Amino acid sequence: MSWDQVWIDVNIATMDPEISAPYGAITDAAIAVKEGKIAWMGPRSELPEFDVLSTPVYRGKGGWLTPGLIDAHTHLVFAGNRANEFELRLQGASYEEIARAGGGIISTVKACREASEAELFELGRQRLNALAKEGVTTVEIKSGYGLDTETELKLLRVARELGKHHHVDVKTTFLGAHAIPPEYKDNSDAYVDLVIDEMLTAVINENLADAVDVFCENIAFSLEQTERVLSTAKAAGLDIKLHAEQLSNLGGSAMAAKLGAKSVDHIEYLDEVGVKALSESGTCATLLPGAFYFLRETQMPPIDLLRQYEVPMVLASDYNPGSSPLCSSLLMLNMGCTLFRLTPEEALAGMTRNAAKALGVEDSVGVLKPGMQADFCLWDITTPAALAYSYGVDVCKEVVKNGKLVHQ
């Protein structure tokens, strides 16, 4: 056999549902890589003969390989910070009160409008590096802090550039309908017209987005406005997704599911009607424990219903300056278990297999098996559950992206 590299003395959490063992585990395993893809994988005792003199062999010292982590919901391209609002919230102000007073998203919009592409790129690069050190190999980045055509395009251009200059794959999402800008506060329908007629057209013309998202909520966009944006995006051939049921239940998840959305995100107030709609459409439910924690929310997502209806559960950081300034995917694994009562296996699936489905890349990443992209991490742990159990110690020892060792 002729391979580019071989890994031995490892255990593999493949996350492949076709393998019945927990985590799709193969113990005392080996994995071979050829031309950026997994060429062979299985028990080490069954490893075919290969040229050991010409093939790099890496020894995992009994650690665990997992698929590269996928953070399927971030807002990591932004300027400024909102530490002052953190103080206000702790003094009793609500997220809605801050937003209606011109704070929240709008304060970050001002900072992003003033920042240059170079400044935004450097800030984004630092944050992407932080995620990459924790084993993230694919990430989604949303716009939404421009709320005018020029700045929305600027944010998406920066996200695209990050993908070109970093080993982490970047999927971009246009979120022009993130909040109603001050200049349209008395005419939100006119802003929706701008999002559809001008912003989205420009985004498509420059090929800046893989998907389109909307914040469907009482403080943002109505169900009807949301459907207008998503329907237009779908007709243009873009994937669609939705911030839904975070603060109330407007029925956004059910509507998005009927349109074929890849995911609906937050969903603390999702009801059984919405869960059933997700199940029927194959739409993923993205859980964002960072925002739940940071905003000190008490309404839990309907985890048991999602299990009952077998809706794929995704776990993501929602990294952003206002409601989840927590740039750590490993922390989300722990929070997913401690706050939402996911099992460690469900949490890891939410950052691998299911996250890939939410981004539409499940044919290439998210599980480890022959033919898939060689994106994987070596962890200095004795069980995959340790990734969710403990936090703060660097256990990510190696990262392979597209068959290349990128972190050692």
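Keep in mind that glycine also has a Cβ here, set from the backbone N, Cα and C atoms.
Over all protein chains present, the Cβ of ASP318 (Fe(3+) binding site) has 26 other Cβ atoms lying within 10 Å. In the three-state DSSP assignment, the secondary structure recorded for ASP318 (Fe(3+) binding site) is coil. Taken from Swiss-Prot, the feature Fe(3+) binding site applies to HIS73, HIS75, HIS243, ASP318, supported by sequence analysis.
Listed in sequence order, the residues of the same chain lying 6 or more apart from HIS243 (Fe(3+) binding site) and placing their CB within less than 8 Å of its CB are ASP213, VAL214, PHE215, CYS216, GLU217, ALA220, ASP265, HIS266. The annotation Zn(2+) binding site is assigned in Swiss-Prot to HIS73, HIS75, HIS243, ASP318 on the grounds of sequence analysis.
Around TYR145 (4-imidazolone-5-propanoate binding site), the C-beta neighbours below 8 angstroms that are at least 6 residues distant in the chain are HIS75, VAL77, PHE78, ILE105, THR108, VAL109, ALA111, CYS112, THR151, LEU155, HIS178. According to Swiss-Prot, the 4-imidazolone-5-propanoate binding site annotation covers ARG82, TYR145, HIS178, GLN246, SER323, on the basis of sequence analysis.
Over all protein chains present, the Cβ of GLY322 (N-formimidoyl-L-glutamate binding site) has 25 other Cβ atoms lying within 10 Å. Annotation comment: Swiss-Prot describes TYR145, ASN320, GLY322 as N-formimidoyl-L-glutamate binding site.
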What's the CA-CA gap between SER323 (4-imidazolone-5-propanoate binding site) and HIS73 (Fe(3+) binding site) in angstrom, rounded?
-> 13
Taking the center of the Cβ atoms of HIS73, HIS75, HIS243, ASP318 at the recorded Fe(3+) site, which other residues in this chain have a Cβ no more than 8 Å from that point?
-> THR74, LYS142, ASP265, HIS266, LEU288, ALA291, ALA316, TYR319, ASN320, SER324
Out of HIS73, ASP318, ASN320, GLY322, point to the one nearest ARG82 (4-imidazolone-5-propanoate binding site) in space (Cα versus Cα); all of them are binding-site residues in the record.
-> GLY322
Other than TYR145, ASN320, GLY322, which residues of the chain come within 8 Å of the N-formimidoyl-L-glutamate site, judged by Cβ distance to the Cβ centroid of those residues?
-> HIS75, PHE78, ARG82, ILE105, THR108, GLY144, PRO321, SER323
Given the binding-site residues HIS73, HIS75, ARG82, HIS178, the candidate whose Cβ has the fewest other Cβ atoms within 10 Å is ARG82
Report, in whole Å, the straight Cα-to-Cα distance of GLY322 (N-formimidoyl-L-glutamate binding site) from GLN246 (4-imidazolone-5-propanoate binding site).
-> 14
